[in-house]
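Below: one structure, written as structure tokens.
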């Protein structure tokens, strides 16, 4: 049996069940485990209760139960500079960002990894549903989590080979239900705690209200593609391509009585375009341009390959051809895709392996840019 006692693993503990079980499993496997709670956001709610304080109490309770030391580290400045400023800049540019991708890249696997190294870590571990597999050459491949409904490789797609070399994902081979069972069997304090939802720093807060504290909303006209005025929108940043709810025009139907969707944006004119039908023609495209192209292992500077891709979390894979030119790529779809959204991540897969991805800049229909920003 391998002696893991000389291998130090620093676990990012959030106070949730996944990271609690991560720490427990590593401890049971004989590793030298340290728990670290990251405080990334000052999230005092309207009643003056700071949820981070409650979460840290849960980390402390679990760490005491399984017998590991634990610390708290404050990354609020790093988070603001590297994730939140990016988040606001994307909204200002009319895009719909994915802060979780950036949070993993810049905070959980950069700031936290650097901090863990000061504690003498050989590896860091998190409660993400993903797997790492080392080949005979020592290259680490990131694979989808065994629980298809929970797989989080989409959000980890910007991790580098250097980061993956230092990372363990102990839950990757488990189903979420098994993780809960392990927590309950061990009597962990977090066994019955519900999963957190929403964007990491907003949590359960009202998104519109939250965003308006940081960016002034500019009201404007809501139009159909053929020029009908459908009323006023609350500010382009509040809407995303393909969105159905929140338009306030449910009662105004055309002849076909179909629901209304956001089908485009014009940032320069401050116009929100709406149309009827889930597969409205303005929502369909057959290619995209992406930047910040990044691979989880070494790839050529310029090459073309076929693979599958996801354009948003939890959607089925689609067949694509990718033309890579440095840190940019053109991605051509085998079948037209709906609501390709600038600011979101496009992530590439080869079977179970997540190859990396980039950020969507523009969608195209028959070579013409879609009016999405």
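Any Cβ shown, glycine's included, is placed from N, Cα and C.
Sequence annotations record features per position, and here Swiss-Prot assigns active site, nucleophile to 103. Per Swiss-Prot, active site, cysteine persulfide intermediate is recorded for 200. Residues annotated as ATP binding site in Swiss-Prot: 12, 13, 14, 15, 16, 17, 18, 19, 38, 127. Annotation comment: Swiss-Prot describes 103-200 as disulfide bond, evidence class sequence analysis. If you look up Swiss-Prot, you'll see 128, 344 marked as site 'Interaction with tRNA'.
Distance between Cα atoms for residue 128 (site 'Interaction with tRNA') and residue 18 (ATP binding site): 8 Å, as a whole number. Shown are the binding-site residues 12, 16; of these, the residue with the fewest other Cβ atoms within 10 Å is 16. Residue 18 (ATP binding site) sits 18 Å from residue 103 (active site, nucleophile), counting Cα to Cα. Counting in whole angstrom, residue 16 (ATP binding site) lies 17 from residue 103 (active site, nucleophile) by their C-alpha atoms. With all protein chains in the displayed structure included, the most crowded Cβ environment within 10 Å among the recorded positions 38, 103 is that of 103. Take the CB of residue 14 (ATP binding site) and look out to 10 A: across all protein chains shown you find 24 other CB atoms.
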